[in-house]
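Everything on this sheet refers to the single structure shown next.
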Amino acid sequence: MAPKKLSCLRSLLLPLSLTLLLPQADTRSFVVDRGHDRFLLDGAPFRYVSGSLHYFRVPRVLWGDRLLKMRWSGLNAIQFYVPWNYHEPQPGVYNFNGSRDLIAFLNEAALANLLVILRPGPYICAEWEMGGLPSWLLRKPEIHLRTSDPDFLAAVDSWFKVLLPKIHPWLYHNGGNIISIQVENEYGSYRACDFSYMRHLAGLFRALLGEKILLFTTDGPEGLKCGSLQGLYTTVDFGPADNMTKIFTLLRKYEPHGPLVNSEYYTGWLDYWGQNHSTRSVSAVTKGLENMLKLGASVNMYMFHGGTNFGYWNGADKKGRFLPITTSYDYDAPISEAGDPTPKLFALRDVISKFQEVPLGPLPPPSPKMMLGPVTLHLVGHLLAFLDLLCPRGPIHSILPMTFEAVKQDHGFMLYRTYMTHTIFEPTPFWVPNNGVHDRAYVMVDGVFQGVLERNMRDKLFLTGKLGSKLDILVENMGRLSFGSNSSDFKGLLKPPILGQTILTQWMMFPLKIDNLVKWWFPLQLPKWPYPQAPYGPTFYSKTFPILGSVGDTFLYLPGWTKGQVWINGFNLGRYWTKQGPQQTLYVPRFLLFPRGALNKITLLELEDVPLQPQVQFLDKPILNSTSTLHRTHINSLSADTLSASEPMELSGH
């Protein structure tokens with residue numbers, strides 16, 4: 001729950017939000033004044049200073065806290081995406097409950113007296129799983145995403161006919177707080193350049209939302225040609241290091257009159273596993289903002305609060321190689337992953353105060369933090385020991401291996417099993433051709449861990465085994481591409497593996513429901529692994545522990561662990577990859593923990609190797625940039641299309 005101070009201050013803002021929501025249809029308007037290069041809100045000149053946050057990266061109980069801190073920072077608007085896959089997990093099955101309650105979030109924004117710039121997609125990027133598109137679209141393998149392919153358009157139309165009527169009452173001219181809506185997202189970076197698709201979307205938005213709402217597009221400078229569309233207001237995105245004058249001059253070629261708008265002014269940047277934690281200096285970010293505000297531009301800061309990729313929701317980029325996004329989406333944003341004000345926030349607030357009024361009074365202090373541990377975890381058993389519980393319906397049989405999408409496994413893990421057809425005495429190459437492991441495979445022979453195959457990185461192992469030996473391959477989906485490719489990102493074994501000269505056939509696929517096992521079965525006393533085995537390969541560990549003092553936000557530290565997934569009291573915190581970095585801790589909001597008198601339970605699925613002391617700790621500060629990743633180059637790369645370490649990384653879209 002929010003501190004009492006937040007509740008009191010929220011009550012002071014309540015009359016403002018009620019005024020905002022009062023339906024005054026004839027007087028409420030948000031329009032472009034092209035004659036004076038500005039916006040008009042209710043007929044008066046208006047400029048928004050906005051910040052991005054994502055309700056899907058912030059637990060619902062924390063929405064109000066984050067939004068009020070944004071308002072106190074001097075913002076008068078927020079910008080956020082709507083991830084399609086978060087709300088339609090299966091075709092025709094919709095979820096707007098709990099932390100998916102979009103209308104509740106809009107109401108929280110109104111309570112904080114914040115206008116809304118909405119970005120409903122259908123594609124959002126956002127470093128989110130598949131850029132927000134549902135993976136069930138790939139059950140039609142030939143589908144062409146983000147084009148006028150009839151199969152894609154039919155799914156989009158169906159989704160928007162559910163979503164857009166929900167937000168219609170919240171449009172500003174209808175008495176709500178949504179002043180503008182983006183159509184698609186950075187479409188010019190997709191290289192498909194299908195104007196028929198963009199025109200279809202624009203027509204659909206108009207048909208369902210009417211003519212009054214301002215519709216816009218956002219692209220980087222290089223994407224304006226294919227991303228802009230007549231009838232949609234054109235905006236651009238760029239960061240502090242970019243040439244503002246040059247980019248705004250280019251924007252004027254596409255939008256000669258009206259306000260200048262930077263829809264994504266980057267306060268920080270995303271992180272990839274195996275690279276450094278990204279930062280942007282306070283001075284660079286504040287200077288760039290002040291220069292834009294001096295021009296009269298409207299600006300949205302991306303991100304103002306980043307949040308967390310809980311569970312399996314992180315996306316990935318493809319920039320020469322496959323680059324999955326970290327669990328933390330801290331983004332070096334003005335409000336930290338744990339919701340705390342940073343020096344960057346105070347500096348930005350000072351800049352904003354030069355151009356418009358900011359709320360009086362001090363910003364809320366950081367949330368209470370907690371330290372605990374070390375906690376020694378106990379071996380529960382090898383993943384293979386729980387196969388009947390992980391896949392209660394049993395395996396799917398096929399001559400050739402099937403993808404995650406073909407067996408309707410959207411996230412997480414799937415086990416592939418076959419048996420050796422002859423004895424192999426000498427170590428023999430085992431690989432999947434055409435870079436066919438998507439994304440990471442943990443290989444076992446008769447339950448003994450043999451090693452890892454990894455997309456774009458490690459392409460073969462050397463195996464031995466007897467006739468009839470059981471070959472198990474646990475494949476991890478590490479997040480579907482959210483940017484950087486026009487291709488559909490199928491998961492699993494995309495080609496049949498080869499052992500020596502033999503193409504392996506006769507496969508069993510076990511789609512694993514690991515979250516169900518952790519939540520429903522692991523609280524029970526389950527039988528241990530039936531015989532002693534070195535704790536290598538996919539193995540469960542767990543421990544119950546009390547909290548003797550007061551509960552606070554905390555950061556789970558896993559020193560010496562390799563890679564895996566972690567749950568707290570059944571909640572999937574996300575992926576850890578301690579050996580790869582840069583992220584070393586996982587954010588644990590205090591509401592996930594039981595207070596004094598109750599036992600908490602932590603569960604780990606370690607995929608490779610555990611430390612000699614299988615311990616974890618809870619820290620009061622995050623570690624997001626491990627020294628092991630500083631200046632790291634990617635070695636072990638065996639793929640011809642992999643970037644060398646010296647080549648610059650091109651920027652991702654959002």
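Each Cβ is built from the backbone N, Cα and C atoms, and glycine gets one as well.
Here's what TrEMBL has on this protein:
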ACT_SITE  Glu186  active site, proton donor
ACT_SITE  Glu264  active site, nucleophile
DOMAIN    39-354  domain 'Glycoside hydrolase 35 catalytic'
DOMAIN    401-513  domain 'Beta-galactosidase 1-like first all-beta'
DOMAIN    538-595  domain 'Beta-galactosidase galactose-binding'
SIGNAL    1-27  signal peptide
Overall pLDDT for the domain 'Beta-galactosidase 1-like first all-beta' (401-513), taken as the rounded mean: 96
C-alpha spacing of Glu264 (active site, nucleophile) relative to Glu186 (active site, proton donor), in angstrom: 11
Residues in the domain 'Beta-galactosidase galactose-binding' (538-595) grouped by DSSP into helix, strand and remaining coil: 3 helix, 28 strand, 27 coil
